[in-house]
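To keep things clear, I will list the structure first and then write my remarks on it.
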Amino acid sequence: MLPAAMKGLGLVLLAALLCSSPAHGLWCQDCTLTTNSSHCTPKQCHPSDTVCATVWITDPSSSRKDHSVNKMCASSCDFVKRHFFSDYLMGFINSGILKVDVDCCEKDLCNGVAQAGLSPWALAGGLLLSLGPALLWAGP
């Protein structure tokens, strides 16, 4: 039989393995000029992309408050702002024809609808950590 210290170390290593997420690129919602965010789809970003961005373009003069949504991966929030606040669009923005809002975040799918619940691996890890002391005391 293994000594209690070895069981404890094994339990810690197993919990760390279950709670860690695999190394991968950032995932963001992706869509262009849609009026309905449900039309966006998850996309794995390029390794150089560090943020998920959402850009709302609205027509403030419209009684319906027409808008379009763009969601994407990006290397930085500044890059997105430079792109959408380019010289071409600035004429429309300054004249009040368009309003542009940019929001950036750094977690997987953070630019989409809030996700309910937790990862099954995180739940398994939490269960293992909460049952760990009982398993150690139970012994062989």
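Note: Cβ is positioned from N, Cα and C throughout, glycine not excepted.
Per Swiss-Prot, the residue from Cys77, Cys110 that shares a disulphide bond with Cys104 is Cys77.
Across the structure, Cys77 (disulfide bond) and Cys105 (disulfide bond) are spaced 8 Å apart at their Cα atoms. Between the candidate disulfide-bonded residues, Cys28, Cys31, Cys73, the densest Cβ environment within 10 Å is the one around Cys28. Closest by Cα distance to Cys110 (disulfide bond), from the recorded positions Cys28, Asn36, Cys45, Cys73, is Cys28.
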